[in-house]
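Asks: Found this in Swiss-Prot, in case it helps:
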ACT_SITE  E84  active site, proton donor
ACT_SITE  E115  active site
DOMAIN    56-219  domain 'SIS'
Amino acid sequence: MNILENINTEKRNPRSLHLDSMSIAEAVSLMIDEEYGVIEALKEQHRNITEVILATSYSLKNGGRIVYIGAGTSGRLGILDAVECPPTFSVDYNTIVGLIAGGEKAFIQAQEGAEDDANFGKEDLQSINLTAKDIVVGIAASGRTPYVIGALEYANSIGATTVAISCTKQAKISKYAKYSIEAVPGPEVLTGSTRLKAGTTQKLILNMISTLSMVSVGKVYQNLMVDVKPTNQKLIERSKNIICEATGVDYTTAEKFYLKANKSVKVAIVMILNDCDYEKALAILKNNNNFIKS
């Protein structure tokens, strides 16, 4: 039996049948045009994406974690999104977690066969002490990866919330999740190479999940990353500029309050907006569940 026969990501793209004989310029134009399918796929899944983000936000607000899990490109994209959150939002590295079939070494070198064992998905979730407060986001472009199915089955068994993200309709993994996103950008220019449009589609979904979940817990003021962690010179300067933008003060004043606030952008903004000292600003934030109220 051909298990890939009816999977969207395995179909041939009629527009790229002669990819091997196109000029580079023609192929570039084709690949650019094909990306429009990504946006259409996301628009079609607007309601489902919204429901997932409401669920991930609920988990974070109630002390849970967002756990991405996938194999190959899907797993790497989950890790990529997860590791960007601590410097951007000053969250713990355990708040948004990325797991990949085959372990960390699989991020840079493919681990053959790791995705084919459902038990590995279960074991990886057990290794991070998954709880019912957490939400597990299974990612599989083909919608059928055993590693992801095993993870979702285990998550369901302990009462964790489950999400399935795929790039094919009637995906097998959707049957194992409370919420599902089936965003289908169309056949790949290079048949079956889901690191292309499917990967782009998944990355944009993860961007929305992490960013808007962080907005929901007060990590953003207006459209400013007020909980940024200033770990290098660029981020230090960005921190001061954020204070300027949020409060209207000049650079020198922003720098002064940045230091007074122990290099916390959020606290500095509250100090300026409320004309108060450091301790009072902390109390205001605590009273507002760490949201800046203008």
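Numbers here mean position along the shown chain, with the first residue as 1.
Here the Cβ of each residue, glycine as well, is placed from N, Cα and C on the backbone.
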Asks: What residue among the active-site residues E84, E115 has the most other CB atoms lying within 10 A of its CB?
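Replies: Of the active-site residues E84, E115, the highest Cβ count within 10 Å belongs to E115.
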Asks: Taking only the Cα atoms, work out how far the residue listed as 'active site, proton donor' lies from the residue listed as 'active site', in Å, as a whole number.
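Replies: Their Cα atoms are separated by 24 Å.
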